[in-house]
Amino acid sequence: MLANSTRGFLWSDVETRTLLNIWGERDIQTALGGNFRNSHVYRDVARRLVIMGFERTPEQCRVRIKSLKRQFILAKEGNLRNNGQYHKICKFYDAMETILSCRPQIDPQELLDSGAVGDETEEEVDTDPPQDPYLESTGESSYPETQVKLEYPPTPVTVGNSTTVRQISSQSAGGPSSKRPKKRHADLALDSVTKRLLEQSAEQNFYQMEEQRLQAEDHRREAKHARELHMLQVLGQMFSSIATRNPVATATPNTAMPPALNTMESMQPGVPMSASGQMRRGRSSHRRVRSPQPQAEWPSHHSHPQSQAEWPSYHSQPQSNAGLVLERSFSLGTAARRGMDDILPLVKNIVPQLTSKKHKGQDGQIAIIGGCQEYTGAPYFAAISALKVGADVSHVFCAKAAATVIKSYSPELIVHPVLDSPNAVEEIEKWLPRLHCLVVGPGLGRDEMLLKTAKEVIEKSKARDIPIVIDADGLWLVAQQPSVIQGYKKGILTPNYMEFTQLYEAMHHEPLDSSDHQRSAMELSVAMGNLTVVLKGEDDLITDGNKVILCRQEGSGCRCGGQGDLLSGSLGVLAHWAYTSSADMTKSVNPSVVAAFGACSLTRQCNKQAFHKHWRATTTTDMIQEISSAFKKLFES
Ligand SMILES: NC(=O)C1=CN([C@@H]2O[C@H](COP(=O)(O)OP(=O)(O)OC[C@H]3O[C@@H](n4cnc5c(N)ncnc54)[C@H](OP(=O)(O)O)[C@@H]3O)[C@@H](O)[C@H]2O)[C@@H](O)CC1
Ligand SMILES: Nc1ncnc2c1ncn2[C@@H]1O[C@H](COP(=O)(O)OP(=O)(O)OP(=O)(O)O)[C@@H](O)[C@H]1O
């Protein structure tokens, strides 16, 4: 049976790697290098792909390769917009580089001699604007193609070690009447000058095309956001009509903000939102700027029904320096906004009483799914942090090679060396009835067998309604197979910036707009079915797709590895507490959000305290030692 019988626009990593393996085969590369018509080569590629279990048309293969080459060239050229991090998210960079650097060098003179003028090879020339990835499989594009007229012989442009062939513009190539030289090696000096000129103009041409390509991309993005906006408007209207039938919900206070899809990036606590009432999208030439409007000038919901019925509005809730709430709400916003004045008291509310009436286990039995030969520290940090925050029991389900090492770090942890055993899922499943929260990913690694086990354990835990925190390599799994957690309301994702980028791009099939993290985080959350997303960074950004909370608890400049594990372990416990607290305690705020805010604040406070003592020498172990006092300071004073 074919692995990919239901074809879609999406190429899985395995499928792409198989395609690259086939495309990189010597005979294919030779065939592509020596032919200006290559449809038969891609027929062969598609045929070989079918043998490997993936059904794709030759055109799909060609388009996919083309797009991979585009990504690779972009990454290579450094013509990037992702804070110079793009090479890290060009997943197949190494494979592309290996293949392209082994390509036979193409002699431009041979191309001229071959008489292939104007007979463009589809394989080598990359002049199309990017295709909408949703339509890659059909080859159609949802936006007008940028016309780049190419009339003259191809000339090589060196990208790294490889040589690709590009067309030259008429001005630079000397016009279509350029004649094929009669003697091939007649004038070497002239040849080399001509070659240099051709190379320069090809480069210029390349940058022009890149510019056009980026513009086309911007247009496409604008169109996408316009569609989103429209959807939001429709939703707003729906909520509005419900609200008019619901007397409680219609009691919306006079806090309607300008109808701007805003971000809080420029906001400081206490600064009115209207000061930043503009839509920040992509490149400057396409920014749509709304005039800043003083808050007072915006009519209330009652006098300006459109302001809430048609537009989602974002409300800033001035907070303590540690936390800031950005909320997108519709007409029913009042209900959602109740209790959002301050998240910290809600975290305090969920912390269980210490009482002699309880027995062991009631305050939390947490399990970490992670730990392999390479990574033993991460699961330990997460598990011990869970204990120090207040869980009664902390388990680690890890690979055999990691178990003894983790046990030797701490006798407090219960370590199960089962993750790489054939009956791993069964072994872990036995424990699920007693577990209150799972933290999947710290030190898990990317071994396929371990990931498969993790995936099945997630499925079993979902069936039991257990909160699941996914971090580190667990997020990699989610980027490959989002459905594993998509739509599960008790799922919490805790990506750092790199992990966030991968997740975002896996869900949206387009590069992350790094200028607007809050919007992107919300989009990711919504795409994942309103899962809670915690984007860690200078400010931690927490969203469930409806509101964004910034955690700005003071930390330090020390970024020792493992802090994220402290966060995910603590979050495991807090999530359990939040989900077992009454709605009164959390004031109906999403329990995952309350827990996430608590875990972020705690991690940052630990970082601050440890840094005061150890300065540059601060390690995660030092931070863990601060959990007790940081917790008390934040949540019990
Ligand atoms: N002691 C242990 O056992 C520990 C084990 N751990 C375990 O290791 C496993 C793999 O985790 P990971 O940390 O290597 O992977 P990930 O976070 O993707 O970083 C990869 C690269 O991305 C970059 N990068 C990262 N953050 C960035 C940012 N914000 N902004 C920009 N760039 C950023 C940075 O690239 P660089 O700067 O080095 O080029 C980084 O090297 C996982 O199981 C985890 O649990 C850790 O928990 C640590 C303690
Ligand atoms: N620039 C920063 N300033 C202050 N705090 C930060 C900064 N970056 C991250 N943090 C804090 O460090 C904690 C861990 O985030 P980090 O980005 O280091 O996670 P990670 O890369 O997943 O960690 P790990 O090393 O465990 O894999 C978070 O609580 C976050 O608030």
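In case you wondered, yes, glycine gets a Cβ from its N, Cα and C as well.
Of the residues proposed, D363, D392, D565, the one TrEMBL records at the same (6S)-NADPHX site as G443, N496, Y497, M498, E499, F500, T501, Q502 is D565. Around the Cβ of G562 (ATP binding site), 20 further Cβ atoms fall within 10 Å across all displayed protein chains. Every protein chain considered, the tally of other Cβ atoms within 10 Å of the Cβ of C560 (ATP binding site) stands at 18. Among the binding-site residues listed (Y497, E499, D565), Y497 has its Cα nearest to the Cα of D540 (ATP binding site). Of all the binding-site residues in the record (Y497, E499, T501, D565), the one with the smallest CA separation from K536 (ATP binding site) is Y497. Residue annotation for (6S)-NADPHX gives G443, N496, Y497, M498, E499, F500, T501, Q502, D565. The furthest Cα pair among them is separated by 20 Å. Fewest Cβ neighbours within 10 Å among the binding-site residues E538, D540, D565: this applies to E538. It is 24 Å from the Cα atom of T501 ((6S)-NADPHX binding site) to that of S556 (ATP binding site).
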